[in-house]
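Participant: Below is one structure. I have some questions about it.
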Amino acid sequence: PLLAALGEGHIEVAELLLEHGANVNVRDTTGETILLKVLSQPLRDLVRKVKFLLKHGADVNARDDTLTTSLHLAENIGNLEVAQLLVEHKADVNSHNNNGKTPLHILLERWVYNEDHVNHARLLLEHGADASVESNNGKTPLHLLLKTRFHNEGDVLDLMKLLLESQHGASVNKRDKSNQTPLLRTMGRDWFKLARILLEHGADAGVENNNGKTPLHLLSESRIHDEGDALDLIELLLENGASVSKRDKNNQTPLHLAIGRDWFKLARILLEHGADANADNADGKTPLHLLSESRINDEGDALDLIQLLLENGAAVGVKKQDKNKQTPLHMAIGRGWFTFAQILLERGADANAGNSNGDTPLHILSERQIYDKHRVRIARLLLEHGADADSPGAQNGCNATPLHLASYGGRVAIARLLLDRGAAANSKGNQGRTPLHSVAEGKCLYSEDDGIRVAQLLLEYGADVNAPDDDNKTPLNLASYHGAVEIGRILLDGGAIIHSTDSQGRTPLHAVAEGEDYYSRNNDVLVAQLLLERGADVNMPDEDDRSPLHLASYVGKVEVVLVLLNAGADASATDANGQTPLHLVSQGSQGDGIGVAQLLLEHGADVNAQDKNQATPLDLASYYYH
């Protein structure tokens, strides 16, 4: 009845109830007193009702079953006048609820900070609130202040000063259960004024988090908005003992992180304070490696820092390779950075250093897509500094020379430069393939025109048009397999043997019959027509007695099958197993099997022909579910 009377604002009724013995401190089943209920369900005229209850002896420090007091509730609803009333009536400012939180914790957990927060905090602290007390999760009021979003930095600065300078001041180096100190929490959030206050009050500038990162690490890798304030804070950290050489658990120094963020002004400051220009991280990368692979697009933006790193002793040679044995020169070449590469070479970088794939900078240049205006200049620069034009790299196990890679990618200018500088046009790479084999494969060319020009260039420099690889395939075999019709034409014009056979006895016509066309769906037809026009034997068998028609039928190349049949291919020819092309197409063609079967039947294929196991095409089609 007493709570109901107060809820309706009937103070006179409440007075009457108390005069007749109502207990102002009666508890409900959750342990709440009337004062606690009034504060947990804020009513109209709250201050008046609280005054009434306190006047009549309400226990200001009564706790409910969660150990919450009236002062906890007052701070939760943010009513300063009520909080003042409670404190004046000796409310315990350091009472803990069952989460170990004091009223000061509750106040600072509220996410919107304003002037009232400062006044609330001042009230609690002036009445003895302990600013260093921890909640059950190890958080002090200072931790909570720095974990929460706020709108007015000035109010937060005032709150921080109150916490730090109160009678029971906050511990500036206290760690929470996530091992964070207040200073660590300010890093990377543009809270420079807060960090400055913490440092002025004795915060440890060298403290580490769980990843071994110090405030200087965190600031170096952060994305900040006000660079000027950040740089001032860095100077302050350094003045307060922050180490430029400290490594985190990834073995990274602040210099590694600053360069990784393209933050060159900070990198300069760190170097001026003695940062090690040769420190390597867990991947074996030095600051120079990281600069070489940074995200900046303009080489000019990085040149000043490159010079500064070199002036501070950054090593450029094989003694400073990362875990992939990459030197800074490898990485600069990969970016197409001419001036950077020039500086490194002038400082003694090894133009023939191999990475973990065995690739030299010249291999990387010959393979990667780099702006043409830089590619040839860099290649010439490398050759002038002793790069071996015939170095056998081991890229992907290919044992390819730079000329192989340039040929494979259709890089005409690089191929010409390498040949002019003495690169061997017939050098053997992986599987015994020459640069002409590489260009004949065709599948990585940016355009067939580039491949044509490289093929012509190689032939001009004496490339053997009929050189066999380890599988006895000639460049014409590969060009046919990959549908490179114009390259095939150049090879034939250059003397390619049209009936050259590989280790399986297959000719270029066999190759196009079964091959992969990387240029267009019709190129294999054009290659087949070209070979037939130049005299290819349409019925020539391979070592398994299979003709080109057998192979084209098996893979379902209906257009090629038609070209072969029109050129006189025998639709009834049998292979070593006694199977005709119709048997093969019945076993599971990958393409247009039905179209191939119809063409074969139209050209006289025997539908009842039996192979050496007495199986007909229908038997095989049934067996393979066709």
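Here the Cβ of each residue, glycine as well, is placed from N, Cα and C on the backbone.
Pasting the feature list from TrEMBL:
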REPEAT    1-29  repeat 'ANK'
REPEAT    30-65  repeat 'ANK'
REPEAT    99-136  repeat 'ANK'
REPEAT    211-249  repeat 'ANK'
REPEAT    250-282  repeat 'ANK'
REPEAT    283-321  repeat 'ANK'
REPEAT    324-356  repeat 'ANK'
REPEAT    357-394  repeat 'ANK'
REPEAT    398-430  repeat 'ANK'
REPEAT    471-503  repeat 'ANK'
REPEAT    544-576  repeat 'ANK'
REPEAT    577-612  repeat 'ANK'
Participant: Which bits of the chain, at least 6 residues beyond where the repeat 'ANK' (577-612) starts or stops, bring a Cβ under 8 A of a Cβ in it?
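Facilitator: Cβ under 8 Å, 6 or more out: 544, 547, 549-550, 552-558, 561-562, 565, 571, 618, 620-621, 624, 626.
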Participant: Would you kindly list the residues that approach the repeat 'ANK' (99-136) from elsewhere in its chain, counting only those six or more residues past its ends and only Cβ-Cβ distances under 8 Å?
Facilitator: 69, 71-72, 74-76, 78, 80, 83-84, 87, 93, 142, 144-145, 148-152, 155-156, 158-159, 162-164, 166-171, 174, 176
Participant: Apart from its near flanks, which chain residues at least 6 from the ends of the repeat 'ANK' (357-394) lie with a Cβ under 8 angstroms of it?
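Facilitator: Distal contacts: 327, 329-330, 333-338, 341-342, 345, 351, 400-403, 405-406, 408-409, 411, 413-414, 417-418, 421-424, 427, 429.
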Participant: For the repeat 'ANK' (30-65), DSSP counts of helix, strand and coil?
Facilitator: 17 helix, 0 strand, 19 coil
